[in-house]
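Data block below; observations after.
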């Protein structure tokens, strides 16, 4: 499985998931007007969202 770890104007960065990590996740929370803290990567289980954040998980490449 290959997950996106970062998106920018220059393209995307990806990582190959380790054995046992079969889910890609995107975790983001609002830090201010039009400002978000975003984390992406591989995981074994879908993480829970913080009170002021959101999480999206999938099990397909990129």
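Glycine too: its Cβ is placed from the backbone N, Cα and C atoms.
Quick look at what Swiss-Prot lists:
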type: DISULFID; residues: 3-24; note: disulfide bond
type: DISULFID; residues: 17-42; note: disulfide bond
type: DISULFID; residues: 46-57; note: disulfide bond
_Rank the disulfide-bonded residues 3, 42, 57 by how many other Cβ atoms lie within 10 Å of each Cβ and give me the one with the fewest._
57
_By Cα-Cα distance, the member of disulfide-bonded residues 17, 42, 46 nearest residue 24 (disulfide bond)_ = 42
*Rank the disulfide-bonded residues 17, 24 by the number of other Cβ atoms within 10 Å of each Cβ and report the first-ranked residue.*
24
*3, 46, 57 filtered to the disulfide-bonded residues whose C-alpha is within 10 Å of residue 17 (disulfide bond)*: 3
*Using C-alpha atoms only, work out the spacing between residue 57 (disulfide bond) and residue 42 (disulfide bond) and round it to an integer in Å.*
10
